[in-house]
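Here's the structure, in structure tokens; my notes come after.
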Amino acid sequence: MSLSSKLTVQDLELKDKRVFIRVDFNVPLDGKKITSNQRIVAALPTIKYVLEHNPRYVVLASHLGRPNGERNEKYSLAPVAEELQSLLGKPVTFLNDCVGSEVDSAVKASAPGSVILLENLRYHIEEEGSRKVDGQKVKASAEDVAKFRKELCSLADVYINDAFGTAHRAHSSMVGFDLPQRAAGFLLTKELQYFGKALENPTRPFLAILGGAKVADKIQLIDNLLDKVDSIIIGGGMAFTFKKVLENAEIGDSIFDKAGAEIVPKLMEKAKAKGVEVVLPVDFVIADAFSADANTKIVSDKEGIPAGWQGLDNGPESRKLFAATIAKAKTIVWNGPPGVFEFEKFASGTKAMLDEVVKSSTSGNTVIIGGGDTATVAKKYGVTDKISHVSTGGGASLELLEGKELPGVAFLSEKN
């Protein structure tokens, strides 16, 4: 699946067309109040571009939260409609459902150039294809799923996907539109361009920075990246499993991943065969408890971590080592912070690493931050706009980096 050959919104003839855009309006809510409108703002360029090209109307659809295939007012998109209306500066019609005869009539009767937001797609079991009942998975029937998809599809001539955060899910709104033109919006196109360049044609040296607790969770990621990168920094909790297996280091009460430990030698063999440099921390900030106000000290890997203590961040020597590795790279993909940045005492390693990748990005290199915790870090320290690309999809970006095909991307039309 080439990421750079997909049809984009700019390839479409939009005049007088009925346009359906799958957006990601899965915003955080406090009751009915939106606490961050970032995802709505991110969709505006695509919506505005379509409106400038005089469509018959624009239908927007999204999920919000996990209503488990049934109506739940807690997850209504009504507050999003209000916020979108004020951001767009034009009326947004909010409909009480996403399929059914009332939706069909309202959409068809809308004035030319209207913007219509449908209610939460996940109110229907047919969107995800299943729901949980008493802890058991209950599947939607194939007939019901086909009917749901057909009803959504009947609202449109053209389908645009701008929801990268859900691109790794084969949900109805991601893969159910039997239309000749299925294009990526600006947000999705940007994701595909950055990941496509890094994974298909990177400017070298190419560095991957990986954090996270368990090696076992990251095996596929490390294995796939070893085929592509020139060097890897391994930080976070999983560094302790590598240190223990490779150097028999004393790791005290730090995270040790038994299942992952069995795979470490194989991964290192592959790294050696591919000529990939693997960089591990050489000192640690350790704590006598996993808590924000724990007692702390710095130890080198030679000293080891004593029993009763655990490593929660890398130390000053590791920061220097990582900085030197980052300084050599021309393309950097970062997925997972190197320490427990949520606690101030253990945030220095993450902050130092962030400073180095910002330096790299502002000097013209390509730096991609995978979504999830690492994107949270960039946001926390206010540097999102100083990084080449901060991904909007944690799970989706991880699966891309693991070498998996994303159903929502594979489903898009190819450029002619």
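Note: Cβ is positioned from N, Cα and C throughout, glycine not excepted.
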Practice item. Could you look at GLY212, GLY252, GLY260, GLY364 and say which one Swiss-Prot places alongside GLY236, PHE341 in the ADP site? Key: GLY212
**Study point:** Swiss-Prot ATP site partner of ALA213, LYS218, GLY311, GLU342, ASP373, THR374, selected from GLY237, GLY394, GLY395
**Key:** GLY237
Check your understanding: Of all the binding-site residues here, GLY65, GLY212, which one's CB has the most other CB atoms within 10 A?
Key -> GLY212
Practice item. Quick one: among the binding-site residues HIS168, LYS214, LYS218, which has the most Cβ atoms sitting within 10 Å of its own Cβ? Key: LYS218
**Study point:** Candidates PHE25, GLY212, ALA213, LYS214, namely the binding-site residues, that fall within 10 Å of GLY237 (ATP binding site) by Cα distance
**Key:** GLY212, ALA213, LYS214
Check your understanding: Closest to GLY212 (ADP binding site): which of the binding-site residues LYS218, GLY336, ASP373, going by Cα position?
Key -> GLY336
Check your understanding: Hey, how far is VAL23 ((2R)-3-phosphoglycerate binding site) from ASP373 (Mg(2+) binding site), Cα to Cα, in Å?
Key -> 22
